Every structure is written in structure tokens, then in C-alpha cells.
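Step one of this worksheet: look at the structure below.
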Amino acid sequence: MFGGGGGMFGDLFGGRGGGGRRRRSRRGADIRCNVTLTLDEAAKGVSKDLSFRRNVGCKTCEGSGAAPGSQPETCATCGGRGQVVQSAGILRVQTACPHCGGAGQQISQPCSDCRGTGLQSEKAELTVEIPAGVDDGMRVRVQGEGEASPDGGPPGDCYCFITVKEHELFKRDGSSLILQLPISYSQAALGAEIEIPTLDGPEKLRIEPGTQNGEVFTVRGKGVVDPRGGRVGDLLVQVFIEVPKHLSVEQEELLRKLAELDSESVLPHRKTFLEKVADLF
């Protein structure tokens with residue numbers, strides 16, 4: 001189980017000699033970029049040019065941190081291993097070297113441009129492909145476009161956090177789009193064919209006779225693609241009957257005649273409502 005003193009205990013206490021290994025190179029830091037999209041851009045995908053600052057390897061010292069003509073020196077405390085072993089009774093505890101910080105090297109003549117860090121800040125220009133279907137609050141990862149490692153490890157990543165601006169007509173619910181469509185009383189009662197907007201251009205929508213306020217019509221495949229599954233959502237059109245606040249004399253006369261006819265033939269829902277009211281009293 002213990003492999004003759006190696007294995008688990010060897011990893012914990014640094015093996016037979018107790019010196020351990022030099023610490024692995026650290027990965028560069030990730031950076032965050034904010035990307036604002038219109039609903040149309042989010043639905044269909046878009047290329048965005050970004051500009052930001054990030055740390056890259058110092059060109060003067062080639063990332064070593066040492067002044068040109070000099071080299072980092074092996075740490076005398078840990079012998080280049082980056083770790084030291086301290087005894088605590090019968091136990092030995094392995095920690096990062098306090099003199100070199102675990103790097104295994106020390107810089108006696110630091111680079112004047114990066115002050116020994118091996119990194120310099122520069123302005124970066126990056127074109128990011130935003131996939132179709134992203135939503136507000138999502139993030140897009142661009143691998144390897146983050147900051148450089150301070151000790152020769154791989155660079156970090158760039159994360160683009162998405163903000164989608166509100167649309168003046170459409171609301172989004174997952175892969176579905178919702179459109180509030182005003183119609184007149186006569187269109188609701190008699191039916192009509194109405195041209196409606198979609199993200200792909202105008203479409204014809206048939207309003208059936210007797211359409212009620214708040215009724216929802218579904219236009220298949222006119223929503224937003226699901227970036228995880230690839231399925232395209234639907235456009236949900238909710239109608240609301242717009243009652244005019246001001247009537248012409250002719251309109252008022254016609255509506256009064258209609259009101260007289262309404263009193264002669266009570267509609268089903270109104271009849272049920274009146275019966276319930278009568279039962280209360």
C-alpha cells in the first residue's frame with residue numbers, strides 16, 4: 001500500500017530526500033471583457049472587435065525577469081527545488097521556500113522594464129466570434145487570450161461576459177420570443193390577416209374570428225436558436241384588444257347599435273358571470 005516509503009507519504013513529505021520537486025509553472029490569470037449585443041446580434045451570432053490591456057511576457061528580458069546579460073540564480077536556500085522541509089517533532093512538513101517564493105530561483109539583477117516580474121502591460125486587439133443564441137449573463141471563453149504566466153506556464157483565458165440590450169418590440173424567454181400585438185375590436189371579432197415583425201423580416205399572421213384578449217398565437221421557428229442544443233424556438237404573439245379612447249360620431253352610433261344587439265344575445269362567459277352574481281344576492 002505504501003510502496004516502501006514512497007506513494008502517499010512520499011508525495012506528502014517530499015520523497016526520500018525530503019527536498020521535493022520544484023513547483024509547477026503557474027497558469028496566467030484570466031481576464032474579463034464585457035460585450036454588449038443587440039437582440040438581433042445575440043440571436044444570429046456576430047463578430048466583435050475588443051480592445052483591452054493585459055500582461056504579456058516582457059520583451060526586454062524575454063520573460064525571465066533578469067536584466068539583459070544576467071540570469072536568474074539558483075536559490076541557495078532550497079537548492080532550486082522551490083520547497084523546504086521543516087521538522088515538527090516526528091513529522092516533517094514541506095512548504096514553499098520563503099526566500100524564492102517557490103520559484104527555485106532568485107533574481108539578483110532585475111530587469112528595469114518589468115522590475116523583475118517578467119511581465120509587461122500592453123494593449124491587445126482581439127476579434128471574438130459570438131455564437132448564435134447567447135443570452136444575457138452568459139459568457140464566451142476565448143482560450144489562451146488571457147494574461148501571460150509569470151514563470152513560463154500557459155496563458156490564461158479571456159472570458160467575454162454578455163449583456164443583451166432590451167428590444168423595443170420583443171421580449172425573450174429562453175429560446176422563445178414574445179411579441180405583444182395590439183388589435184382592434186373589429187379585428188378580434190371578425191378575424192384579420194396582420195403583418196407582424198420577426199427577426200427574419202415581416203410575416204403574415206392570421207387572427208381567427210372571435211379571438212379573445214390575451215390569446216397567444218405561435219409562429220414556429222421564429223424564435224432564437226438554443227446555443228446548447230441547436231433547436232430554434234418559436235415566436236409567441238400575444239394579442240391585446242385596444243379600446244379607442246375617442247370615437248367619431250359615426251363610430252359611437254354604430255357601437256350603440258351593437259350594444260343593443262349585445263343585450264339581446266348574451267355571450268356564454270357573460271351569461272355565466274351574471275348567473276353567479278345573481279346567486280350571491
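Cβ coordinates come from backbone N, Cα and C, glycine included.
Over in TrEMBL, the protein carries these features:
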DOMAIN    45-123  domain 'CR-type'
ZN_FING   45-123  zinc finger
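Taken together, the residues in the domain 'CR-type' (45-123) have a mean pLDDT of 87 on the 0 to 100 scale. Note on the zinc finger (45-123): DSSP counts are 0 helix, 35 strand, 44 coil.
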